[in-house]
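Now, the feature entries from Swiss-Prot:
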{"type": "ACT_SITE", "residues": "Lys78", "note": "active site, charge relay system"}
{"type": "ACT_SITE", "residues": "Ser158", "note": "active site, charge relay system"}
{"type": "ACT_SITE", "residues": "Ser182", "note": "active site, acyl-ester intermediate"}
Amino acid sequence: MSELSSLTIAAARDKLRAREITATELTEACLAEVEGAGALGAFVHNTPDLARAQAEAADARLAAGDAPAMCGIPLGIKDLFCTKGVPSQAASAILGGFKPEYESTVTSQLFAAGAVMLGKLNMDEFAMGSSNETSTYGNAVNPWRRGNEDTALTPGGSSGGSASAVAADLCLAATGTDTGGSIRQPAAFVGITGLKPTYGRCSRWGIVAFASSLDQAGPMTKDVRDCAIMLGAMAGHDPKDSTSADLPVPDFEAMLTGDIRGKVIGIPKEYRMDGMPEEIEALWSRGAEMLRDAGAELRDITLPHTKYALPAYYVIAPAEASSNLARYDGVRFGHRAKLAQGDGITEMYEKTRAEGFGHEVQRRIMIGTYVLSAGFYDAYYNRARKVRALIKRDFDEVFAAGVDAILTPATPSAAFGLGEMAEADPVQMYLNDVFTVTVNLAGLPGIAVPAGLDKQGLPLGLQLIGRPWEEGDLLNTAYALEQAAGFVAKPNRWW
């Protein structure tokens, strides 16, 4: 494993500025790691020529002495982000061969800050999944293993490639997106830090849409400080996205003091689930004690509508997806099915979508179309929207009562084996989002921080939920938790 590729963003920034290393050396080290890690299935489109050109430009900026924090930092980009001239398929066969003519706002801001793109990362198809098993490229694999077993484990989803690449030190950090937990759950499964910002903090323009009222881009990094640095480059108002907030972007890194004395941390009783593993329960209690020892006040809180969050999410998200995915018709871009003589436009739509969309995407399109249909709109979709408003109100009331952040588990288990859920009811897979979906429904910021290992040696994470637009405060609380937890474990290299 290259010493350079295992650097954090902050450490690499300091070495680059001190001229101890060059962006080109750092990029070459990461490209070599990517080249040797095919077994992880993390990178699906490599861009070495682009990376070298960007690194050269970064070195010139560094020499001139006015380089931003992200200058020369090699990243992986989730395949959901449109990257100009580089395949951007959302891990779906229906977008086979699609190379956008434009750059997403988030990636263009990262590149403007001098970041280097090593390539595109694996994910669940259209970000629909919790295990990276719905990808047209095949599975991404978790670099961690259970004890002495060689069972291939999931890196989580949908940002599974991002999680795997960062945990295996193939890149210094990666972009992710989070619709119901797709940054936080994989981050917890691989022992890295993942931040879902407040809805509207990062532009959605140029990110392939899943559920437009829930999707949000965020950083997946090796520690909390790196999350703060990378979020600063990703965030900001974008007139091309009507949901993007016209708010200044603070210096998130400068807010990392680690001082949380007097902060009130809420512990929601509704997150104590039946059948929750004892290890998760114990980790949660330990995390609460760590924050209390750091000077925070713990307060038991209630979020009474939590139990309705998953059903509401799995009505709203597929409904929005069925609308968004209607644009994939074989006419404008991507895959078009071969037609038989006499086939008309209806057959073209049917065959193209049958060939192009995977089973999970088809399932969600059908659920979404069903809940939006005339006879069921009020019974399902409208009711789910009302539940969403109640969930948001629960959080508003807790924050209004003086709570600064809420501590919960990030996931209901450690990483499971690839294929282990295949025979299960799809709802079993959906339960992976049980601790994370409320954050998306309420539009709040949430961060997963690695906090320990289970008895099989797999990472477990805790989640902190913050007030809207107060990512700096949330990151500082996460920083205090990270320091107290002292998580430094790395996977043993087998790939």
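Note that Cβ sites are derived from N, Cα and C of the backbone, with glycine treated the same way.
Rounded to the nearest whole angstrom, the C-alpha distance between Ser158 (active site, charge relay system) and the residue listed as 'active site, acyl-ester intermediate' is 5. Distance noted between the C-alpha atoms of Ser182 (active site, acyl-ester intermediate) and Lys78 (active site, charge relay system) is 11 Å. Less than 8 angstroms from the CB of Lys78 (active site, charge relay system) sit Lys120, Leu121, Met123, Ser159, Gly161, Ser162, Ala174, Thr175, Gly176, Thr177, each of them six or more residues away in the same chain.
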